[in-house]
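For reference, the structure is listed below as structure tokens.
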Amino acid sequence: MIEFVYPHTQLVAGVDEVGRGPLVGAVVTAAVILDPARPIAGLNDSKKLSEKRRLALYEEIKEKALSWSLGRAEPHEIDELNILHATMLAMQRAVAGLHIAPEYVLIDGNRCPKLPMPAMAVVKGDSRVPEISAASILAKVTRDAEMAALDIVFPQYGFAQHKGYPTAFHLEKLAEHGATEHHRRSFGPVKRALGLAS
């Protein structure tokens, strides 16, 4: 992996998203400015960490970061805007929520939202840039907790297991029970289920 070269600036925020692919729930983003004086060991892409390790790092990031913030776009916004534009909006919200304004923002992936400060997209940034890794962890732990809470209300769909992704089980239950108000109506499988359910 090519080592990432940081921009010449002090306050760098990392931004990542979780939940572009699921059929249900919000897309959740996080923005994090780490404190160089309080390093956090073991930051890595949240998908490569065990749940136990993610939860421990989640608490450590919130405690040690100079600033952190969550952003989100709800299912109705995803349906109105499309998933790409809703993700960009959620990233803008996460950056706007930082109580310290970053001088530069590094975004995981290959697209940047419009921001009031310079920004750069970093491909595979969640495994190359600690700030993005930290954002990835905050976003994933937050969204996973939301899916676990939704699972209590709608146990028949198995949200706690598949986190809303279009698994065979989820698609089967969607066809059987129809969509909840938390499903993204613009996504093909949900559209089809609504057709079946009506």
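In case you wondered, yes, glycine gets a Cβ from its N, Cα and C as well.
Under the heading divalent metal cation binding site, Swiss-Prot lists ASP16, GLU17, ASP108, citing similarity to another entry as support. Same-chain residues at least 6 positions away in sequence with a Cβ under 8 Å from that of GLU17 (divalent metal cation binding site) are, in sequence order, VAL27, VAL28, THR29, THR87, ALA90, MET91, ASP108, ALA139.
Positions annotated as domain 'RNase H type-2' by Swiss-Prot: 10-198.
When pLDDT is averaged over the domain 'RNase H type-2' (10-198), the result is 95. Within the group of binding-site residues (ASP16, ASP108), the Cβ with the highest number of other Cβ atoms inside 10 Å belongs to ASP16. Excluding ASP16, GLU17, ASP108, which define the divalent metal cation site, the same chain contributes VAL15, VAL18, THR29, ALA30, MET91, ILE107, GLY109, GLY125, ASP126, ILE132, ALA135, SER136, ALA139 within 8 Å (Cβ to the Cβ centroid), listed in sequence order.
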